[in-house]
2 protein chains.
Amino acid sequence: MAKSDIEIAREARLLPIEQIAAGLGIPADKLYRYGPTKAKLDLGYIAGLKDRPDGRLILVTAMTPTPAGEGKTTTTVGLGDGLNRIGAKTMIALREPSLGPCFGLKGGAAGGGYAQVVPMEDINLHFTGDFHAIAAANNLLAALIDNHIYWGNEIGIDTRRVTWRRVVDMNDRALRQIVSSLGGVANGYPREDGFDIVVASEVMAIFCLATDLEDLTARLGRIVIGYTAERRPVRASELMAAGPMTALLRDALMPNLVQTLENSPAFVHGGPFANIAHGCNSVIATRAALKLADYVVTEAGFGADLGAEKFFDIKCRKAGLAPDVAVVVATIRALKMHGGVAKEELGRENVGAVQAGLSNLGRHIGNVRAYGVPVVVGINRFTGDSAAESEAVMAFCRELGVDCFLNNHWAEGGAGIEAMARRVAELADSGQARFQPIYEDELPLFEKVQKVARTIYGAEDIAADAAVMKRFAQLEADGFGHFPVCIAKTQYSFSTDAAAKGAPTGHIVPIREVRLSAGAEFVVVICGEIMTMPGLPRVPAANAIFVNGKGQIEGLF
Amino acid sequence: MAKSDIEIAREARLLPIEQIAAGLGIPADKLYRYGPTKAKLDLGYIAGLKDRPDGRLILVTAMTPTPAGEGKTTTTVGLGDGLNRIGAKTMIALREPSLGPCFGLKGGAAGGGYAQVVPMEDINLHFTGDFHAIAAANNLLAALIDNHIYWGNEIGIDTRRVTWRRVVDMNDRALRQIVSSLGGVANGYPREDGFDIVVASEVMAIFCLATDLEDLTARLGRIVIGYTAERRPVRASELMAAGPMTALLRDALMPNLVQTLENSPAFVHGGPFANIAHGCNSVIATRAALKLADYVVTEAGFGADLGAEKFFDIKCRKAGLAPDVAVVVATIRALKMHGGVAKEELGRENVGAVQAGLSNLGRHIGNVRAYGVPVVVGINRFTGDSAAESEAVMAFCRELGVDCFLNNHWAEGGAGIEAMARRVAELADSGQARFQPIYEDELPLFEKVQKVARTIYGAEDIAADAAVMKRFAQLEADGFGHFPVCIAKTQYSFSTDAAAKGAPTGHIVPIREVRLSAGAEFVVVICGEIMTMPGLPRVPAANAIFVNGKGQIEGLF
């Protein structure tokens, strides 16, 4: 029987984090250590690197996934290890996993098999406390809002129009919608309220887009927490919230340095939701990694239509990053699913279905190329895949002029992905990339969405009712028209219908709602249902989690 | 102008935490470091110390305080420094401050002046994340409860009788009373619910009373989360919650090692509320300190009627600790207040009022002696105190045969408290202590409360209505009659009337409510109003907190 992720992780020979840092030229006194194998890196030290040249930036994205995910993180980690194996000095930059979901459905988010970042129990649970700090900052602002109302509401906040919600890092459906401030005069003015999971907080998005402490404070102050009765937006700065929120986030803003099973250095920092936020690790970590290594491998949430699009159009645009190459991860399972095979049948060889599903992969490849970024396809190999199935993908990619590699990093670590690593490094060094976002800042908000829908989703058009159009107009009038759009839609299809597999065309993308993230500096455009607070399943993973006699956590995987 | 606490703290010459540990004989590889000056201490290492002899245990408690507090923490830190100065190998064991209140009223809880534990910003905010872990464990249990109900409620939990509340480490009155699970079928069954501040969680009390990970798990499983319609208590273990809660608390359970401004070693670990819990730092920290040092100075929340009583009757009883000596902290301000002086007049010399207020101090001295513990009085000197006022206290103590010292540790550090340190060490070594709790385990619950009220509070009797009596009877029938009682009442008077100063007699203590803490193993007896979720003031301290250009947190003090 195959070893579990946690068994593999426990067998790893971890190096002291000082040694990992030394490999990057980081002096030990610039580390703020959390135990022997985790450390935060001093922000002043990072700022001092600004005149160094940047390394190459490599994005790992994916085709439209199955609910199990196609192994973007595993590929990111494996590719980083593979690059280091071939002598390319490489860092990995990943998002931090959210604690709450670990107690819901089985599975963490630190990679898998022989391509993991470690210590995985720590990374999956409290890690260095960043998400707790983000929750505290979010909830301090919430408390300041209700406290202001309680003490006379000088600003005139309309209690029906408070948009700022509280957060908790737990899958807790009971908190999605509540009435707060019940119980009489001493507890304030009752109003409708609710909790999101921490990763859905705008504070998380701001945290990941901020370039330093000063920028963080400025962005926090610009958060719009709700409106007055006259519809004037109320900012967090009016509640004097940006200072204390920054105090709560100060240490968290230092990126977290860990290592892979093969001792490659990795930043794991920030973890915004990929639907109502941009789904990429922090700008600070990515930028620091580019100064510390010759190659940086990073990933973006969901499939390329969501993750890569936001990585390019939000993160790279805002942070001035220019990716050199992208890897689109594919799996035989996902291709068969897009070829019309039912979940139960995905384990059975079906070359025809793989071929039918390639339309999905093909569109993602074209999309990434549309951003001016060279593409490589990496098949994340599963034990049940047949040679004929893989060969169908290879043939397809050959026709498109894209290199495709059958990677076995899950089973073999970096050695299983060396061939792709060589090609990725070659492409990154080739100077082929001509990165540009898909739309200009100046384009009206509606047209930005239209552009993404048509170019990336293959949609015929978008649709919006009068209320949505009015909201766009209001946002533009309020001076937010130059923001990029952050589109929230299902990750299971190019359309807004999760059941529409492959590469649908001719569909219309209906906009349900528009939300402003004034501090993160994007406009969230919601197309379909979005979930900002998950629930626990009937049999939660929590049931199997415990600490064994050796003090080790069991059941996390 | 006097320097602020934070200015003093910043000027301190902190030693690397490895060096502090080395002074206690702790090898560096038994430390789990959080930056250069904080570390957690390995539980296995602590367990390995069990055959060492225990050091002397010194409790710092206080007279009935003013709302500003009388400086118990400051005295505890100063005394620890003073003992080390005179060559007595001493550790300090303190509670961790709660993050939320730092944003409410100005002031932290890491001591003050030249008697502080450092790094104070860290200790007052996230520290090593223990409270965040406790919040997560508490809220996981809450989520599991509502999730169980959502998926069919096999156990038959009565949604009207769920006693387990959610927590957040924030002063947020809006969350005291809420209705949760609104919004339709997908969000569960609406019910009344609410949030407490983290320190009020039973998880916090359990955390502080647990002797190791195994005991922690067992206690968490025994938590009663509510009742079925048939009034059967439902345990956390029925929801399989103890395992995952322990996983969340595993790292937090290691005690936190820091240092004072004078480099004395201090454990700062756990921080249960002193009203609905027992208000003392963790048993694990206290026991470890007794193995590592010859003298351990610790404190207990509120005045001696509450803090010392619970320290003796709950913590020492349950953990098998035997204190050797106690210091009762007094201030001239508090004595004048008990002598009838209004708050605005406390700064003016008033020897008569001091003398009138000594009845309060006198009763506390008598109470501590009733536990068989030798007493010393330490006056925490304020700049405005007059010599005649201090002399009045000295004279009173001489009459009682109690040594009294005028301590100046706030201004001078350990040097300002050396005389008391010598006497405390002498008394601790004298073998005079004959510690015993004030009541026996076997006494019925009602009689336990009666015993405390009569002996410690000077009350004539206690009063309870039929519902309370029925609840006591039910608890005894359910097998909880042997638990100690944890009495929640105002800390501002021996009676339940906060305005009754001095040493009131003849009063009746009415019991309003009785709550079971089955995992912490005590019965909470509520006499008067208790607050488990504070609010923010009109002008919260948050308004003045920010990060300065050097990355330092300003405004915490």
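Cβ atoms here come from the backbone N, Cα and C positions, even for glycine.
DSSP assigns B:Gly71 (ATP binding site) to coil, not to a helix or a strand. Long-range Cβ neighbours of B:Gly71 (ATP binding site) (same chain, at least 6 residues apart, Cβ-Cβ under 8 Å): B:Ala62, B:Gly112, B:Val329, B:Thr331, B:Asn380, B:Trp410. The ATP binding site annotation in TrEMBL covers B:Thr66, B:Pro67, B:Ala68, B:Gly69, B:Glu70, B:Gly71, B:Lys72, B:Thr73.
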Cβ distance under 8 Å to B:Ala68 (ATP binding site), same chain, sequence separation 6 or more: which residues?
B:Arg333
Under 8 Å Cβ to Cβ from B:Thr73 (ATP binding site), same chain, six or more residues apart: give me those in sequence order, or none if nothing qualifies.
B:Leu94, B:Ala109, B:Ala110, B:Gly111, B:Gly112, B:Glu299
Which has the fewest other Cβ atoms within 10 Å: B:Pro67, B:Gly69, B:Glu70, B:Lys72, the binding-site residues listed?
B:Pro67
Could you name the residues, excluding B:Thr66, B:Pro67, B:Ala68, B:Gly69, B:Glu70, B:Gly71, B:Lys72, B:Thr73, of the same chain that surround the ATP site, i.e. Cβ within 8 Å of the Cβ centre of those residues, in sequence order?
B:Ala62, B:Pro65, B:Thr331, B:Ala334
Give me the count of other Cβ atoms within 10 A of the Cβ belonging to B:Thr66 (ATP binding site).
17
